[in-house]
């Protein structure tokens, strides 16, 4: 039977996997044994390490080696959010392996970076959609520092929300506010997911139409693949919070953790895969590959072409 959210739900929803971990094992507990949950946590930690390496490379190249353009500013911030999420997930798995009480700060930070990643991805997809639907307006009237401003606002709002949630709900300073915060979290999640789906579908239809005559723009493929990976692997984590608040089961806690780490770890591989030129022999520097993937796409006479990077007034937030 469904139950309405209570003031404790914000904390409960973010900690349900810790309380359930000992009960979800498929093997009877015996001293010295590893259980299914334990192996999955180890696998999650390995994936997190790989993802941290990949996102660190992207951060280094976009932050110090490649001139930034409006799109690369978003990717720089997304790589930062993914890297921080993977760090928290790594610590989260360590705590679960030791069956210890989870550090509340790590849990709240983990969900904050998850929300930030979703917000950035929705912004990226929406901006690419606007560039497709209104190319002339986008090139001529888009403010120079839009990307940096959007990223700054998203980091500020997301951080403020989760800091307030931590202070008021964890320390139980104002229980009556927790229910409202939970409602805001649910609404924000659904709004971002709907925006992500609508803008991505519009972009997909545009790419499908253009691909009948020429190669689809690399930048659009990058956005579509990144969104697809998020919907397949990371969306269940956000849905789990809502479903558990209604008193319903969803899936094993380790599965959501594993899938979300796969999403955050896959993004750098998507960038380098689309930026590579597979018909060329020999290896190219990662800087060149990533720079090609981040190349500006400009609509010219109804067609799209890649343009090299130039120094841009955009800066990261």
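Each residue, glycine too, has its Cβ placed from N, Cα and C.
Nobody curates TrEMBL annotations by hand; they come from automatic prediction.
Looking at 10-31, 186-207, the stretch flagged in TrEMBL as transmembrane segment turns out to be 186-207.
Given the ranges 114-138, 289-313, the record in TrEMBL names 114-138 as transmembrane segment.
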